[in-house]
Amino acid sequence: MKKVAMLGAGSWGTALSLVLADNGHQVMMWGHRAELIDQINELHENKDYLPGVELSSSIIGTADLSEALKGADFIIVAVPTKAIREVLKKALPYIPKQSIFVHVSKGIEPDSLLRISELMEEELPEEYRKDIVVLSGPSHAEEVGLRHPTTVTSSSKNIKAAEAVQDLFMNQHFRVYTNPDMIGVEIGGALKNIIALAAGITDGLGYGDNAKAALITRGLAEIARLGTKMGGNPLTFSGLTGVGDLIVTCTSVHSRNWRAGNLLGKGYKLEAVLDKMGMVVEGVRTTKAAYQLSQKYQVKMPITEALHQVLFNGQKVETAVESLMARVKTHEMEDLVNTFENRVK
């Protein structure tokens, strides 16, 4: 049995706590809302974020970071990207020496343009940095909570740390693979939220399956293009954290990014969408960061650019779609063709 500190009492933190409890581990789930912690401890349910799912008595809620972290073998960071730095700063005085950090959030920090593992490296003491692990893949919390079959990927610079997390989570309902390509895993997980927003917009506009299929396919090309330029392995984007996560996020009503995009497609303004959602929509912040990354690495990302225009410059969604369809003609495998031609030269 391992002691696990789950930093974050949202839907994903709760669902992962359930997996860990099923595996016989003791989970201390930290959250800052006292009424939510009381729910978890007294009703054994998270009515706000994962209603209808009974939680094991081995999952204990706390609003005290020192209590959550005491003796923890693993520390799972399950808070939104924008809160990670603040939470880590508060946690620093209480981190046990033997702990392995795992992050399960999908995003990129705007302005700094850091992946989450890089952000964590800036905040954590040196002895913890080499063992940071990312757990990512096509995994809606609602389905994990119901113990539906789910597969994800564990990635780290240290393969032993990735394998330790694989062993920690893996069971008959929750299969975990390892992948040493941390860059590709994080970029795929973050950028799919952009394409999910766009997929929701096309559905909100009533454009049908043809448009969505094109969007997912060309969206994957954008993700792979940027991810490879940043040092990721191209093969990673055809795996669970690339095409797998993209499919599940672009086609499911469980996806908050898809739901937000759907509202945008139906004519809601961004502020109204975020207010109506009542939950973090990572794709909005990630769109800004990915647009900045596309400029930095000089990578063509037309879908990301179009969504950036809609979200931050007030462009109508119909106009954005028209601009995408009116782009100059090109080869579908443009990057491969250019690479081949350069080699021939």
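Cβ atoms here come from the backbone N, Cα and C positions, even for glycine.
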(request) For the sn-glycerol 3-phosphate site, Swiss-Prot lists K106, G137, S139, D245, S255, R256, N257; sort out which one of K192, K296, K300 goes with them. (result) K192
(request) Could you look at A141, A213, A214, A320 and say which one Swiss-Prot places alongside S11, W12, H32, R33, K106, R256, V280, E282 in the NADPH site? (result) A141
(request) Calculate the distance in Å between the alpha carbons (Cα) of K192 (sn-glycerol 3-phosphate binding site) and K106 (NADPH binding site), and round it to a whole number. (result) 9
(request) Please give the greatest C-alpha separation between any two of the NADPH-binding residues S11, W12, H32, R33, K106, A141, R256, V280, E282, in angstrom, as a whole number. (result) 22
(request) Report, as a single number, how many Cβ atoms besides its own are within 10 Å of the Cβ of H32 (NADPH binding site). (result) 14
